[in-house]
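**Student:** Attaching a single structure in C-alpha cells format; questions to follow.
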Amino acid sequence: NCKPVTIILIIICGKNSDVESHLEMGKKLLAAGQLADALSHFHAAVDGDPNDYMAYFRRATVFLAMGKSKSALPDLNKVLELKPDFTSARLQRGNLLLKQGKLSDAEEDFKKVLKSSPSEKEEKEAKSQLVKSEEIQQLVSQAHSVFSQKDYTSAITYLDSIIETCMWNVVFRELRAECFIQMDEMGKAISDLKVASRLRNDNTEAFYKLSSIYYQLGDHEMSLNEVRECLKLDPDHKQCFSHYKQVKKLNKQILAAEDLIQQQRYADAVIKYESVMKTEPNVHHYTHQAKERICHCLSLVEAILTCSEVLASDPQNVNALKDRAEAFLQDEQYEEAVRDYETASKYSEGDRQIKEGLEKAQRLMKQSKKRDYYKILGVKRTAQKKEIIKAYRKLAQQWHPDNFQDADEKKRAEKKFIDIAQAKEVLTDPEMRSKFDQGEDPLDPESQQGGSTHFHAWDGFQGFNPFGSGPFTFKFNFN
C-alpha cells in the first residue's frame, strides 16, 4: 500500500524541482536581457505548476519588458487571484490599467496597495499614481465638456495631457482624432486613428474613418487598403462595404486611365478620366486632377493631329514640322521627332531651332534605349519633385531586398532597388535632372568627362499619387 504513495511523492517532488529550475533559469536569462529565452522557461514553469503565482508574475514581467502589455495583464490577474496580498503585482496591474485609461479599476488597485502595508517605495508610487488618476478624471470631464461646445483646440490640449499617461486608451485617441478632423488637420487624425486601429483588434470604425480620410485627400490606393482591413474584420460591415465598392471602382478607373496614357492611347484615356469625374463628382481632388490629365492628353493629341492635318496638304511646311516634332518630344516619341526635324532641316538649312531640336531628339532617343530614370519611377518628364519622391518611396518599399527570401529574387530586387535610388537621386537634383533632360546620363561614366557620381540611401515611405504630370505647355510657331 505504501508504494503508490511513494511514487506519487517522487513525481510531485520532481515536478516542483522542474518548476524551480525553470524559474531560476528564467530569472538569469531575464537579467541578461535574453527575453525570448526567459519567456520560454516561464511558460514551462506555468505549465508545470498552474498554481505557482511567482511563475505568472515572472512571465508578466517578461511580457512587460517586451512591450506586450495585453499579454501581461491576464498573468497579473492570475497572480492576484492566487495571492491577493502580492503588492508588487497589484501595483504593476494598477499602472497597466492607468495606461489603458481604466481609471476606476486603477484607483482601486492603488488604494488596495496603500492598505496592504507596502514598502516605502511602493507607498510613494501608489500615492503618486492615485493623484495622477484623479487629475486625469478631471481632465476627461473637461475634455468632453469643451468638445460638446465645439471648442476643439481646448479639447485637444486636455486630451494631449490625458494621452500622455493613458497612451493605450482607444477612446481618447479616437476623440482626439475627431477633433483633428473637425480642425482639418488630417495628418494628425490619421496618426491617432492608426494607433487606435492597433490598440483594439476589432476596430472597424477606425479603419472606416482612415479610409474615408484618405479618400477625401485623394489617396485612393491607401483608402482602398484601409477599407479592406475593415472588411477583413467584418465582411458584413455596411458602411465599409458600400465605401469599398466606391473606392474600388474609382481606383480601377484611375489606374486604367494612367495605363492608357503610358500606352499613348490618349483619346481612350480622356474617356476613362471623364468616367472618373462621373464616379466621383463631389471630391475636388479627383475632378481637378482628372481635368488636368485630360488637358495633358488633349494637348498632345490635338497638337499632333492639327500639325498632321497641315502637313497632309503641305508636306514642306517647316513650322508644322517643328511644332509636331516638339509635340512628339513632349510625348516621348523620339524617333518620330527626329524624323520631323530631319525633314524640316531639308527645307530650312541653317535654322538654329531645328538644329538644336534635332540634337536634343537624337540624344533623348539614344537615352531612351538605355536607362530612363523617368520610366524607372513611372513618372512623366514634367513630374514635380513631390511626385517624384512619392513614386520613389512607394517603389523603394516594394523592391526593398529584405522583402524577398529567394536568392535570385533578392538579387533582382537589389538591382531594381539601386536603379530606383539612382533615379530618385538624378531627378530630385536640379543640375543632374537638367543634364538628363538634355540627353546626358549624369550617372553614366561614358557620358561624363571626369565627373563623379553619387546617390544616397532612401528615406521614409509615404503614399503615392498616380497623377504625375505637371502643367503642359506647347507653343505653336504659326497661327
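Residue numbers in this text run from 1 along the chain shown.
Note that Cβ sites are derived from N, Cα and C of the backbone, with glycine treated the same way.
Pulled these features from TrEMBL for this protein:
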- 19-52: repeat 'TPR' (REPEAT)
- 53-86: repeat 'TPR' (REPEAT)
- 87-120: repeat 'TPR' (REPEAT)
- 204-237: repeat 'TPR' (REPEAT)
- 372-440: domain 'J' (DOMAIN)
- 429-438: compositional bias 'Basic and acidic residues' (COMPBIAS)
- 429-455: region 'Disordered' (REGION)
**Student:** Quickly jot the same-chain residues contacting the repeat 'TPR' (204-237) by Cβ under 8 Å, restricted to those at least six beyond its ends, or write none.
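**Tutor:** Distant contacts of the repeat 'TPR' (204-237): 170, 174, 177, 181, 186, 189-190, 193-194, 196-197, 243-244, 247-248, 250-251, 254, 283, 285-286, 289, 463-466.
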**Student:** Please work out the helix, strand and coil residue numbers for the domain 'J' (372-440) from the DSSP assignment.
**Tutor:** 51 helix, 0 strand, 18 coil
**Student:** Where DSSP helix means H, G or I and strand means E or B, what are the helix, strand and coil counts for the repeat 'TPR' (53-86)?
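**Tutor:** DSSP classes over the repeat 'TPR' (53-86) add up to 27 helix, 0 strand, 7 coil.
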**Student:** With DSSP as the reference, give the number of residues of the repeat 'TPR' (204-237) in helix, strand and coil.
**Tutor:** 28 helix, 0 strand, 6 coil
**Student:** Counting by DSSP, what is the helix, strand and coil composition of the repeat 'TPR' (19-52)?
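**Tutor:** Output for the repeat 'TPR' (19-52) reads 27 helix, 0 strand, 7 coil.
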**Student:** Is it possible to list how many residues within the repeat 'TPR' (87-120) are helical, extended or coil according to DSSP?
**Tutor:** 26 helix, 0 strand, 8 coil
**Student:** Summarise the model's confidence over the repeat 'TPR' (53-86) as a mean pLDDT value.
**Tutor:** 91
